[in-house]
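The next block holds one structure in the form of structure tokens; read it before the comments.
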């Protein structure tokens, strides 16, 4: 069974070879991204997620979204300006700065990164959060960032995940805070072997047989809508396709793949989505059948319907953001390495705190909330 799409030699896309120049450029980009993530975390992430949060979760999130939105914007700049990857949007044009639940297919390990290209265009880059597998929280530096940015870690076993997920969702209900909560209902990235297992289960259970996506898991999606429905503006149903082939993280870093990323967006009003868990599960299954058909047509025709809903990222905007981040990170790096010993002590203590907080999955409670809880008992 052939699942991966083949390249059309006439469609203008191609796989780039890993030349020495691309390798050097990729290593330099990776070093900059990791160093900048580390500096953002220890100086701005810690201060905003601990000290500001002690007084206001809302303003803590605003400060975090500003600084980490600037850092996350380095990735779309890498994809679209340095690697020259064409990101083509289709479907519906969505309004800026909404509170949404976003569901997407999971073709490869880097799908979630390309959602940043849409979020930046909509002014929500610093507010995007993901439901992700808990093992990713163990990554050095990036695991700390996932914790500070309030991503929801899951073991992919509902009896284990429900309590923590409900607790996190309860903290996202404030309509003052922008929110893009991204969920991949398949629960894992797509491979041919996983597709075969999914199709076998579908045949045994009387469910639709899907070729380009896996059967979605419904519990997490139902919980998100049940807890957040009253505070959301819409649900975005996003379908992602790649040309000429699905990339890995290193393909992205070195700029060898993909040549094009196609992102199809449906904006769905909450009134059009059922309420009961049984009906919600059926609705999600129908949505993934539609994704499967969209991807089938995409690999047949080379594009999704109704292309051109979003324009290119402005080059000046990318340059200004890149220059500001690099200047800031350069100053912080100099202070950390060459300045007072107190900077090194501060960085060491912050690293210890971030490691412990991420491992224990704890966050400070604002003073007023703490006092209310204390005196309630």
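Including glycine, each Cβ sits where the backbone N, Cα and C put it.
Note that the structure is predicted; figures quoted are calculated from it, not measured.
Here TrEMBL flags 27-51 (among others) as transmembrane segment.
Residues annotated as transmembrane segment in TrEMBL: 63-79 (among others).
Taken from TrEMBL, the feature domain 'Phospholipid/glycerol acyltransferase' applies to 100-222.
For the transmembrane segment (318-337), the residues of the chain that approach it from at least six positions outside its boundaries are 32, 35-36, 39-40, 43, 70-71, 73-74, 76-77, 80-81, 343-344, 347, judged by C-beta separation under 8 angstroms. As annotated by TrEMBL, transmembrane segment applies to 318-337 (among others).
Look at TrEMBL and you will find 343-362 (among others) tagged as transmembrane segment.
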TODO: Determine which residues of the chain contact the transmembrane segment (343-362) at the Cβ level, with the cut-off under 8 Å and only residues 6 or more beyond its ends counted.
DONE: 41-42, 45-46, 50, 137, 143-144, 146-148, 153, 164, 335-336
TODO: Express the predicted model's confidence over the domain 'Phospholipid/glycerol acyltransferase' (100-222) as a mean pLDDT, rounded to an integer.
DONE: 94
